[in-house]
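Data first, discussion second: the structure below is written as structure tokens.
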Amino acid sequence: MLEKVKHIILVLSGKGGVGKSTVSTQLALTLSESKFKVGLLDIDLCGPSVPYLLGLEGHDVHQCEEGWVPVYTNADKNLAVMSIGFLLKNRTDAVIWRGPKKTAMIKQFLEDVAWEDLDYLIIDTPPGTSDEHITVMECLKAVNADGAIIVTTPQEMALEDVRKEVTFCKKTGINIIGIVENMSGFVCPNCTECTNIFSSGGGVALAELAKVPHLGTLPIDPRVGALAGSGKACVKELPDCTTSKILQSIADNISAEKS
């Protein structure tokens, strides 16, 4: 049911634990705060975290004639969400599936969700380059997705995996919108000064090397972390923090390019 979607953006990461799902959810919330109609599709079948991050755990999806009806975050229906997390009885249930079953589920997510008219569909993918990614790329060929945002941390180990992600995108013909460097520095919750507790600048260097845009550098900010599970937009709750400014900049750049 992607014919009602104007723009499709994938969010990728080379490895787990880099904050990809947090970036996906906050980007979706940022776009919805800008009065766009947004969908967020969580295809991380083995680790669906979007329902938790948006405070939607316990919500159910139901069927209509057109397919699955997504869960909406509010009565305005500015943000619609679909995740396998809504289909599991318990959050701790493990999804132990082989490739063909995963492929079938992802195809169903891409073809059988009854999205209303959307300006943007953000697709939160699993880490790495697996069967799920290949299935998504094949399904999106017909609708010409806008591209992918790649999330990394500045450490060399994460950067090595992101290099593979960049190669994967180029080989599959997916446009790279840009790279986001996450968890770069720590913001003191008292004085808000940012200190580099690990290495920094790796995402910037990789973007230059791969000749793709660097979209921004996000620090570790306890105030932003406290929003997890609330479904609240960082740009609304913490408008002056660095993370909000970067997220708004990414959303503005995306909407400016597509207008």
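Cβ coordinates are placed from backbone N, Cα and C, and glycine is handled just like the others.
Predicted, not measured: the structure shown is a model, and the values here were computed from it.
Annotated in Swiss-Prot:
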- G14, K15, G16, G17, V18, G19, K20, S21: ATP binding site (BINDING)
- C188, C191: [4Fe-4S] cluster binding site (BINDING)
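For V18 (ATP binding site) paired with C188 ([4Fe-4S] cluster binding site), the C-alpha to C-alpha distance reads 20 Å. For the binding-site residues K15, K20, counting C-beta atoms within 10 A of each C-beta gives the highest total at K20. Its Cβ placed at the centre, G16 (ATP binding site) has 16 other Cβ atoms within 10 Å. For G19 (ATP binding site), the same-chain residues that are 6 or more apart in sequence and have a Cβ closer than 8 Å to its Cβ are V151, T153, N182, M183, L218. The sparsest Cβ neighbourhood within 10 Å, among the listed binding-site residues (V18, C188, C191), is found at C191.
Cα spacing between S21 (ATP binding site) and C191 ([4Fe-4S] cluster binding site): 27 Å, rounded to the nearest whole number. In three-state terms derived from DSSP, G16 (ATP binding site) belongs to neither a helical nor a strand segment and is classed as coil. Neighbour count (other Cβ atoms within 10 Å of the Cβ, all protein chains): 10 for G17 (ATP binding site).
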